[in-house]
Amino acid sequence: MTASLSAPAIGILAVGAYAPAAVITNAHYATRLDTSDDWITSRTGIRERRHAAPDESSSVLGIRATQDLAGRFPGALDGVNLVICATSSPDAMFPSTAALIAGGTGLRGAAAFDVSVACSGFLYALSVGYGMIRAGLAKKALIVGSEVMSGAVDQNDRNTAILFGDGAGCVVIGEVPQGYGFQSFVLGADSAGGPHLYLRGAALRLPEGTEMGPHLTQNGREVFKFAVRTLGDSAEQAMRQAGKTTADIDWLVPHQANIRIIEAACERFGLPIERAVTNLDRYGNTSAASIPLALAEAQAQGRFKDGDQLLLAGFGGGLSWGAAALKWWSGPTGKQSS
């Protein structure tokens, strides 16, 4: 699915993030599993990740990220009448995590629902929010990516425990001046690769003889090959739909899964690695939260300038993929509260 976009211009008005306090270093796993700091860092780029406290669910993390946004950008939540949360670790099947976030941030009464597309979820949620604003069904939308992945993985499994962390990020989207905002979206999925990355659900039906535990399971080799290919393909397609090429990218904001995947994308695009926003060394793979976390951090550091060409790209369970091209508007985002 692709979309090339025109008036009204809709873009990012505010950003926010939250990471739990507990820092889990590679040394933690080196003492428990057959691994080492060097092994993890050299293969993934991850040095540490955050784990949520027992009382920090995905809705709590999402609320705190939204509070961070509201503190940095006073008035940004005014007029928001749609809340979408991308998560694979919801508080419950229902009520939706989005509804709980809305209730905890003064947005009670706003339309609210969750999107579940694993690590691609934030891009899917962005596209849905964009479409609802374009259709006149919403004025402004709060899009949240929030995950407690530490509870979804087996902490004794070296193949997954070392990769994932907890956190939340969010954006408010709405109308921006012409020439700014989202230019294109590319989304897709192929269930043929579904068995390579899955997390058992409460109502899951399995073929006879299939073995699946309660935790996230990943075929790392196959997911890596898929990610390298689709991240590059979807990014090129999104830029093409926007009337651009990858040579026009000022900042790549990718899903934070593995530094090797990001390096491969940069090499393919001829983009210096310094122009890719990365924080997986400190947060690990936070699934649907990774792109908004990276956006919020880069914005706070003043890395994005007015008119910069951004490319957001991700991949995840499904197997799924997504990308979005946008022209950064530093209007509200350049006027955050100190």
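Yeah, the Cβs are placed from backbone N, Cα and C, and that goes for glycine too.
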Annotated range (Swiss-Prot: region 'ACP-binding') out of 51-55, 101-105, 231-235, 256-260: 256-260
DSSP-assigned states of the region 'ACP-binding' (256-260) in counts, ordered helix, strand, coil: 2 helix, 0 strand, 3 coil
C-beta crowding around HIS255 (active site), within 10 angstroms: 29
Stretch-averaged pLDDT - the region 'ACP-binding' (256-260): 98
Other CB atoms within 10 A, centred on CYS119 (active site): 34
